[in-house]
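Just below is one structure, and these are the notes that go with it.
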Amino acid sequence: MMLRSVFAAAAGLLMSAAAVAETFTFTAIPDADESRLNARFGKVADYLSEQLGVDVKYIPVKSYPAAITAFRNDQVQLAWFGGLSGVQARALVEGSEAIAQGYEDQFFKTYIIANTSTEIEASDELPEDIKGKTFTFGSKGSTSGRLMPEFFIREAFNASPDELFSRVGFSGDHSRTISQVQSGVYQVGAVNYSVWDTEVEEGKIDTDKVKVIWTTPTYPDYQWTIRGDVDARYGEGFKEKVRTALLDMKDEDLLASFPRKSFVPASNDDYAPIERTGKAIGLLD
Amino acid sequence: MGGKSVSLAKGEKSKGEKPKGKKSTGARFRDLSLWFVLVAIVSLFFADIFLYQPDPWEEFTRIGWGMVTPFWPDANELLMSALYTVSFALLGVAVSAALGVLLAIWFHWRVVRVFSAVIRSVHEIFWGLLFMQVFGLSALTGLLAIIIPFAGIFAKVFSDVFHQQSSATVDTLAGSSRLSRFFYGWIPQAWPAMRSYIRYRFECALRSSAILGFIGLPTLGFHLETAFRQGDYSEAAAVFWVFLLLIGTVRFWFYKKLLPAYLLGAVFMLPEMPPVNASFVWQFFTQDLWPSPLLNGDLPGAMSWYGNVLADEVGPALIQTIAITQAALVLSGVMALAWYPFASRWLVGRYYWVGRFKLLVLRSVPELMLAYLFMLLFGPSALPAIFALALHNGGLIAFLLANHSQDASSQQRLDSPSGLARYFYQDLPQRYPAFLALLFYRWEVIMRESAMMGVLGIATLGFYVDSAFEEIRFDKAFFLILVAAALNVIVDSLSRRLRRAAGLKTPRM
C-alpha cells in the first residue's frame, strides 16, 4: 500500500492539510492492560461506526506522547486522553475540545500503595514513613500516576520526589506499578485508583503483599478530546454526533474497555486545575 | 606507548634481556587491556548499580516456564508483524546500501566523512522517536529510522573495503571519471566483501526493525514489549521464538534471484501512511527542535537554557552512559574470550556446535530485548544494561573469533598442543590482535546502545531523551540526541586512534 501512501503523502504535502482520509480514527492512551488492545477497542470502533455512519478505525499506540503526536499529526481525530495528556494535546491543536469524560473522572483519585514488608500503615495523612523508601510513578506523562501524586507529595513534604525517596522510577503503566510494588522492585508507588480497584476485583493482586496506604484528594482526569476541524471534514454537527454517541454508550462490555460506568459531558475548562498543577511542578510551560 | 627508543641501539637485546623503553607488541596489548580493565573497575563505582528485586527467582521461574510454553492467541496478527519486520528491514537495507555506496565514493571528502559519522552516531530508536513526531506511526518513520543510520555505517565500511582492494585494476582506468573508476573498478572488485557485509547488515536490520516496535511501529517488538510488560511470558516467548526463527533461517528463505520480487512485496506490505502536513513538518524542523530563547535571538536566555540542560540532565546522564559503556565493553571482552573456544572445533572437539548455537542466539537477540528481560529480574539500574550489552557483544565477538580460530586449521601441526594448552599458548595469543580490534570496533556501538537503553528507565542519555519527548519538549530531546551523537563521534575517533597506535588492522567481520 506504499505507493498509494506515497501519493497520499505527496498530495498532503502539496495541498497542505487537505484531508484525504474520510475514515474517522481514534486512539487511547495505553495506561494499563495493553494486551489485545485491538480486540477491545475494535468493538468501540464498530459501535462508533454504527452511530456515526462513517468508517471508524482504532489505532493502538505504545506511549502517552505517541497518542498526543498522533492527535497533533491528524493521524487520529479523536482520543481518549488522561488529564495531563489531554491538556498537552489541546495546547498543540488549536480548536480541539474535550467533549466527554468518564463518570468517575469528575472525581478521580490516586492511591499511594506500599509493599507490606515496609510495614507502613494506611492513614488519612500521607504517611511520613514513605521518606527514604524506593518509589515508582506510572508513566512519566500520566496524570494519576505522576502529575497529581507528585503534586500532593510535594505539598505534604515541601520537597521533590528525588530529595524525598532513595530512588524514583517510572514503571510505564499502572498495572506494572502494582506488580512492581507487589514484587518489591519498588517499596512504594502511585497508582490510578480505578486500575487498582479493577485488578483487585479480578483477583490479580495479592493483597497480602501490597496495600493502599493513602488516597489523594479528587481531581478531574481522563476525557475524550476531538479535533476542532471535524465538522468541516465529516459534515456539520459531527462533533455533537460524536459526543452523543459517547454519552449514549451503555453497553457494559464496551464501557469495560476504559473501564468506566458511563460517559458524561466535559469541557476544556474542567481541566484548568490540571493545567495549573502541571505548570506548578514544571511539567508544562 | 611511544616512550624512549634508544635501547635497541645499545645492543641490550644481545644479552638476552628485554629491551627497555621499547615495548614488545604483546606488552603493548597487555598494557592497553589493563588500562581498559582499570577504567571499567573505576566505572563500576560511578554506575548506578543496585539490585531492586529482592527475589528475582520467582519472576525468573515464570519467564523460564513461559519460554517453553509459547502461545499466541491470534496467529494472523503475529504473522503480519513478522512480515512488517521483514519489509522494513529489506527496504531499509536496500536503500541504505545504495546510499552507502554513493557516500563511500566521496568518502575522501571530509564533509562526507563527518556527515556519515554524525548520521550513524544517532541510534535507530532516537531517529524513530524524532520522525514519529512528524510522520506519525507510519512506514516512513520506520524506514527513515533504519535507512539514515545504516547509510552512515555502510559508507564507512564500504570505504574500508575499497581501501583493502588492490589498486592494480583501477590503475588501468586512469583518466576516467571518479564514478567510472568506482563502478568499473573498485565496486566489482570489492563486491564479494560488500555482499557479505550487506547480508550481515540485513540481520542487523531485522533486529532494528523488530526493536522499533518498542516505540510503537507495528513490528514484532510491539507485541514483545506488550507481552513482557503484562507479564504474559508465554506470549512474549511466542514472539521471541518467531523472531529467532526469522533471523536463524534467513539463508533458507532469502533467494538472491527473488530479490526484486521481495522488494516489491515489501513495498506493498508496508503499513499505510497517514497524511503529512507540510507546514507542520516545516514548523517541526524550524521551530519545535530549537529552544525558544534561541529562536527569539535572546542569546543570554539561550545560554542559560543550554546551561540548565547541561547541568540537570546531560551531566548525570553522561556519567551513567560512559560508566555503563566502559564496564560493558570489558565484560564483553571477558565473555568473548571465555566463550569462543567452546565454539571452535580445534579447541573443544565435536561438541563445538553447542557453543556455536549459543553464540548465534546471543548475537541474534537485540541488546534492548535482553536488557528488558534483565530489568524485569533486577530492576532498572545499570546492571541489566551492562549484562545485556556484554552478552550480546560478547556473543558476537566470540562468534567471529571462533570462525577465525576454525579458519586457522592449516596451522594445525602434529605437535600442536590440544585443549587448554592450545588455547592459552597458541590460539589465544594468535587471536588477541583480532580480538582487540573487534572490541574497539564495537566500542562505538556499545556506547550508542547504552545511551539508547535509557528509554527502558535506566538513567543514561536515552532516559532524558524519552522524558523530554514525554513532556513534549522537542527542543530538549533534540539537544540531548545531539549530545549522544557527539559522544559517539568522539568515541569513534578515539577508537580509531587507539587502534592505529596499537598497530591493529581493521577487523575482518
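All residue numbers here begin at 1 and follow the chain in the order shown.
Any Cβ shown, glycine's included, is placed from N, Cα and C.
Residues or ranges marked as compositional bias 'Basic and acidic residues' in TrEMBL: B:10-19.
Among the features that TrEMBL reports, region 'Disordered' is placed at B:1-25.
Annotation source TrEMBL lists transmembrane segment at B:32-52 (among others). Panel annotation: around the transmembrane segment (B:32-52), residues 1, 319-320, 322-324, 326-327, 329-331, 333, 378-383, 386, 436, 458-459, 498, 502 of the same chain, lying at least six beyond its termini, place a Cβ under 8 Å from a Cβ of the stretch.
What TrEMBL records for B:82-107 (among others) is transmembrane segment. Only residues 6 or more beyond the boundaries of the transmembrane segment (B:82-107), in the same chain, are considered here, and those with a CB under 8 A from a CB of the stretch are 113, 115-116, 139, 142-143, 146-148, 150-159, 162, 178-179, 182, 187, 198, 201-202, 205-206, 208-210, 212-213, 217-220, 242-243, 246, 262-263, 265-267, 269-271.
Outside the transmembrane segment (B:236-254), and at least 6 residues removed from its termini, the chain residues within Cβ reach (under 8 Å) are 66-72, 78, 81-82, 85-86, 199, 202-203, 206-207, 210, 220, 223-224, 227-228, 262, 360-361, 364-365, 369. Positions annotated as transmembrane segment by TrEMBL: B:236-254 (among others).
Per TrEMBL, transmembrane segment is recorded for B:261-285 (among others). If one looks beyond the transmembrane segment (B:261-285) by at least 6 residues along the same chain, the residues whose Cβ comes under 8 Å of a Cβ in the stretch are 83-84, 86-88, 90-91, 94, 133-140, 143, 218, 254, 474.
Outside the transmembrane segment (B:317-340) by six or more residues, the chain places 33, 36-37, 39-40, 43-44, 46-48, 355, 358-359, 382, 385-387, 389-391, 393-395, 397-399, 401-402, 405, 428, 431, 435, 438-439, 442-443, 446-447, 450-451, 453-454, 458-461, 463-464, 480, 483-484, 487, 491 with a CB less than 8 A from a CB of the stretch. Positions annotated as transmembrane segment by TrEMBL: B:317-340 (among others).
Feature annotation from TrEMBL assigns transmembrane segment to B:360-379 (among others).
Counting only same-chain residues 6+ beyond the ends of the transmembrane segment (B:385-403), those with a CB under 8 A from a CB of the stretch are 47, 49, 324-325, 327-329, 331-337, 339-341, 343-344, 352, 355-356, 358-363, 365-368, 370-371, 373-374, 431, 434-435, 438-439, 442, 445-446, 449-450, 453, 456, 458, 460, 507-509. Look at TrEMBL and you will find B:385-403 (among others) tagged as transmembrane segment.
Annotated transmembrane segment per TrEMBL: B:445-465 (among others), in sequence order.
Annotated transmembrane segment per TrEMBL: B:477-495 (among others), in sequence order. Beyond the transmembrane segment (B:477-495), the same-chain residues lying 6 or more positions past its ends with a Cβ under 8 Å from any Cβ of the stretch are 117-118, 120-123, 126, 129-130, 289-291, 306, 309, 313-314, 317-318, 321-322, 325, 440-441, 443-444, 447-448, 451, 461-462, 464-465, 468-469.
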